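K.L.:
Structure in structure tokens, see below.
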Amino acid sequence: MSMALKQVFNKDRTFRPKRKFEPGTQRFDLHKKAQASLNAGLDLKQAVQLPHGEDLNDWVAVHVTCPVMSGGPKYEYRWQDEHKYKRPTALPAPKYMSLLMDWIEVQINNENIFPTNVGTPFPKTFMQVAKKILSRLFRVFVHVYIHHFDRVSQMGAEAHVNTCYKHFYYFVTEFNLTDHKELEPLVSQEDLTCS
């Protein structure tokens with residue numbers, strides 16, 4: 001088995017026990033509501049099928065490759081973390097997103113940042129970490145909308161993606177969880193398409 005496949009199927013990296021919330025608590029109720037909101041009725045098995053008349057290699061390539069993590073021609077997102085990328089570094093979109101998901105996993109599984117026991121207080125840095133997570137996730141939405149929405153539409157997934165985005169957008173704006181400058185790429189894109 002190749003090294004990449006071993007990393008994908010390494011149970012220590014990709015399979016984690018689900019976070020358990022005590023039934024009857026507010027966190028349990030919120031978790032259940034969040035899980036219920038994920039069921040939008042989209043047939044994902046059908047959505048990933050090769051569209052009629054499309055080349056299989058092209059179809060696979062657009063799902064795997066994207067040389068720059070950007071939000072249109074004026075915005076490039078660079079990766080920075082506490083370990084390997086100490087300075088903002090330009091990366092291909094798949095690498096950026098992979099690092100992002102790994103980084104988020106470390107954050108949300110850290111009991112010192114995201115306590116699961118009722119009565120355990122959140123740290124003073126909790127909102128700062130949550131805002132960073134949400135800002136970086138917003139960049140993924142921006143990238144998908146600007147660079148890949150035609151493929152989302154071809155798959156018939158636009159209603160699902162729009163619902164996910166709207167939920168995310170309303171949540172982060174309701175609680176001021178992302179800087180307004182992060183919204184600029186989609187506003188700029190809207191200006192271009194409305195002109």
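Just so it is clear, glycine is given a Cβ too, placed from its N, Cα and C backbone atoms.
Among the features that TrEMBL reports, Zn(2+) binding site is placed at Cys66, His143, His148.
In the displayed structure, how are the listed features positioned relative to their neighbours?
P.N.:
Just so you know, the Cβ of His143 (Zn(2+) binding site) picks up 22 other Cβ atoms within 10 Å once every protein chain is counted.
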K.L.:
For each of Cys66, His148, count the other CB atoms within 10 A of its CB; which of these binding-site residues has the top count?
P.N.:
Cys66
K.L.:
If you take the centroid of the Cβ atoms of Cys66, His143, His148, the listed Zn(2+) site, which other residues of that chain have their Cβ within 8 Å of it?
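P.N.:
Apart from the listed residues, the neighbours are Met69, Ala93, Val144, Ile146, His147.
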